[in-house]
Amino acid sequence: MGCAESKDGEGEAQNNRPKYRSCTDTCWLAIYIIFWLFLIVIAIFSFVYGNPLRIINGYDSFGNTCGVKYNEKFQGFPLSGMNTLDKPELFYFDVKELKKSLKICVKSCPAKTMTKGSELLEYYSQTGTQLCKYDYNMQQLTTAGNDAKTFNFLGPCPSFPVHESSPVLHRCVPKGTGEKVQNYYDMLNNWDVAQQFVGDIYSTWHIIAMVCGLALLISIALVTMMHWLSRIVSWIICVLVIVASVALTVALWYAYYNIRNKSGVNTQYSMLEEFVRNQQAVLTLAVLATITMIILIVVIYFLKNKLAGLSALFEEAGQCMMNLPGLLIAPLLAFLVLIAFLSFWVAVIICLATASSPGQSPIAPFDNSKAHQQPLPANALFVSNSTDVNDLRPNARVEYADAGVLRSMFWIYVVGLIWTVEFIFACQQFALAAAVAFWYFQKPTSTPTFYAIGKLVKYHLGTVAKGSFVITIFKIPRLILTYLYAKLKKGEDKGSECAACCLKCCICGFWLLEKFIRFLNHNAYTVVAIESINFCPAAGIAWNAMATNVLQVATINSVGDFILFLGKVVVAALSGLIGIVLLKDKPGLNFYMAPVIIIIIFSFFIAHIILSLFEMVVDTLFLCVCEDKTLNGRSGRWAQSNLAKLVGEEPLQPGEEPPIEVVQMMPINKQPFSITRLPQSDPEVAPMSAD
């Protein structure tokens, strides 16, 4: 059938087009909604039982978190529920009995060593820092002398001597290097590493958010550069990635040099294991950055001759973006949704890591088994027969027991992270693919971006939920195998070389499958947008189109996608460099590389969302060109532009073959991916119908 407009040709095309658009993969949308309802239930419990400030600031023996205005009131503990906003530091009554000692929140740590009650009173008068129990009348110290009933590890005042201290992680740690001080650091080092990790993220969330915002600006700048400098953008990105990788590598080695050789290291922090962990982490990252930098430089050197061929590809994609300025809306919306989700996810993970329920503990040595801890009764924690609060000598204190079942929900949220991030990416890819396909096969004056987003929300959320779940299925086993391989190589028992080789092969196989499925999804979304069919049939149609042009597909995806990957590396490297500069000297962090790693990962996600705009435009245009060439031959729209180079042919010269009446940016006469379907219940006409 020819391409000229005729009633017969138009009628045949209309008969081949799907007349009705209906919802696709609705079952998968229901599954995704149920999964998210489960995540919300977990989040509610984590917000109720989790409190990161309990780990960061510490809490006293009465259940009050230091440095907090509102604390929960426990019946039977008159000193609970206090406003400790002006008391950010945690003070132990006896450093020799840390596990038994009463602990309170104070305004500041003792600035001098004290050995008498009168010195405590004088220090209170000068600084306003009360080192005795909250309800103790400090004026009684004038007559208390050095009575052991007053000054002991149970209070109401601390045992002597009260050592000069400095705050370390909001805990008053005596100055010096003696055995007592070492015991204090042993207690700090016994904290859960995961709790320290999330505590550092919580403390630096504003810096993480700021650097992620900068990553967004850098990504937008790269997209703008691709639009206006399409002919040389490949070279610019290669130069930028070399500069950024070299700068990040130098910064990491410089940070490692400072940690290892810096004179006058603060001995208060050098006794913490986190100091060593930072040094090891920086060294590891520096080595990895060096290896990555060398690999990137070598690969860029060998691909330099193929970069020139990408100019036509990026130029045509830039032309598409000029005609469709609304394409930038989809990545920006995806960015906002991703930031909102990641913020929610981090908040829930922090609360899950610190989730605990209040319990009462006797004044007796306790250990990590928590066998002595009892959950707090619903109506009362401790009931005293004493009518005088000042005479209250507690035989129990508030301790928070880990909520083990709730913490185990962490792994559900790991799956939720992968699936939801992939779902956000898939929604963006679908909107972009649909908009570009509508632009290619319809009039150039239309701006179909909002139209494509509307169709996605109204009809095709189930399809993107299914597509993102398929990727999740292959990604999770790969991550598990990668973790097992790392543990195997790190452990003393390295295992057999055969087992290690099998793990490597499995990891590589899952990685290849994931990449293949991701690429197939890109093209399947284009077919779904046009044909309004389910995911699996659409993937089959897209695969057939790609299989007939396998050489061109390999070239575009090997070189073009590598350049876009380099753009993402530029954003992640620059963001990591900024994060190191801002965080390396920030006090109070257990493990400052933790937020730096989070910054790099989040920045790469952000760059992936923004820069995948070009990737989707290129892949969609190529799929449209393949189908246009198959159906219309040299009379199709593809032959009139640089798109012809994508399939190994030269574009038609002016006057070489006069185009027919509606060739330029008008609907082609044959329906791409045409599938005859019966009318559905929804009478809305599919987007490919003629105007």
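Note that Cβ sites are derived from N, Cα and C of the backbone, with glycine treated the same way.
Copied over from Swiss-Prot, here are the features:
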REGION    1-20  region 'Disordered'
COMPBIAS  1-10  compositional bias 'Basic and acidic residues'
TRANSMEM  28-48  transmembrane segment
TRANSMEM  205-225  transmembrane segment
TRANSMEM  232-252  transmembrane segment
CARBOHYD  ASN261  N-linked glycosylation site
TRANSMEM  282-302  transmembrane segment
TRANSMEM  332-352  transmembrane segment
CARBOHYD  ASN385  N-linked glycosylation site
TRANSMEM  408-428  transmembrane segment
TRANSMEM  527-547  transmembrane segment
TRANSMEM  562-582  transmembrane segment
TRANSMEM  591-611  transmembrane segment
Three-class DSSP secondary structure - ASN261 (N-linked glycosylation site): helix
Range from 28-48, 232-252, 527-547, 591-611 with most C-beta pairs under 8 A to the transmembrane segment (205-225): 591-611
Residue numbers, six or more beyond the limits of the transmembrane segment (408-428), whose CB comes under 8 Å of its CB atoms: 32, 35-36, 38-39, 42, 46, 330-331, 333-334, 337-338, 341, 345, 348-349, 352-353, 456, 461, 464-465, 467-469, 471-472, 475-476, 521, 525, 605, 608-609, 612, 616
Spatial neighbours of the transmembrane segment (232-252) far in sequence, C-beta under 8 Å, 6+ residues away: 222, 225-226, 282, 285-286, 289-290, 292-293, 296-297, 300, 304, 307-308, 310-311, 314, 563, 566-567, 569-570, 573-574, 576-577, 580-581
Same-chain residue ranges lying at least 6 outside the transmembrane segment (591-611) that approach it to Cβ under 8 Å: 196-197, 200-201, 204, 207-208, 211-212, 215-216, 218-220, 222-223, 274, 277-278, 281-282, 285, 331, 334-335, 338-339, 342, 421, 424-425, 428, 564, 567-576, 578-580, 583-584
